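What TrEMBL says about this one:
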DOMAIN    99-189  domain 'HIG1'
REGION    248-272  region 'Disordered'
TRANSMEM  20-47  transmembrane segment
TRANSMEM  59-78  transmembrane segment
TRANSMEM  127-145  transmembrane segment
TRANSMEM  157-177  transmembrane segment
Amino acid sequence: MSSAGRMTHAEYGDAAYRDAQYNAALVGGAWGATTGLGLAAPAAVFLHRSSTSFRGLSLPVKTLFVVMATAAGGVWNADKAGIKFERSHFSDKGAQVVRRRASAEEDAWEHLSRSDRALTWAKDNKFAVVAGSWVASMGLSGAYIQSQPLSFAQKLVQARVFAQGFTLVSLLAMAAITQIPTEGDRILDARDKKGEHSWKDFLDETYFSPLSGRRIHACNFPTKHVRTHIRYRRRHRRTSIIGQRHAISKVSRNGRGGPVQVSNKESKKSKS
């Protein structure tokens, strides 16, 4: 307890759950930091050998380059690991719906052929593919003109020109790929439209509606769609009752027991 008599953050909630989440974040952060260090250290060595500008930097600045990349990888992966741990322990109805969708998407993905998987992945990650092609073309063109007797600014301009041309080609290729019909298009369409009628996924319980005379789906809480359905059924039933009463009154006024033909004008008045 704190001095004010209130529970601190360390004392609030389930201690075992909090410790497990903390350990999961630590493991994820360690993996991310290791990956960042494994990428930053060779990059620093390569830049030290190939770039005079990087070689001219002081040792603290070079060390800061490696440390920042390592810390960024650790923080990013620790955050992802913590979120993944929380989602894996969700047990409400929304989590069940999300898991059911993910399972259905995985099953549909497993039934795709290799070509359909490649095309579907390219369609789903088209912006990342274009950006990656630009980075790769910059690196390849820079390595190609590295031995040319040009200044650094001229080499940078040449590499950028090559990269722009390759990026334009990749954009045209991606536009053509997105027009190729595949079996994976249904997965992408379902993912895009899953939020339009998400309320239907929660209607897993039914109740008997005396207005409609059959069992209909209902949520654990009253939704706008259920209330709209009930109002529509009540309005329709009220209109039918008014029409029946009007027909009975016509029969009583005419003094006959047979059916009475109600004109269109009278039926419209009864509905209004």
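Placement of Cβ uses the backbone N, Cα and C atoms for every residue, glycine included.
Where the annotation comes from TrEMBL, it is an automatic prediction and has not been curated.
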Revision key, fill the gap. Secondary structure split (DSSP) over the domain 'HIG1' (99-189) reads 73 helix, 0 strand, 18 coil
Check your understanding: What parts of the chain pack near the transmembrane segment (20-47), using Cβ distances under 8 Å and only residues at least 6 beyond its ends?
Key -> 54-55, 62, 65-66, 69-82, 84-86
Review point. For the domain 'HIG1' (99-189), what is the mean per-residue pLDDT, to the nearest integer?
Key: 83
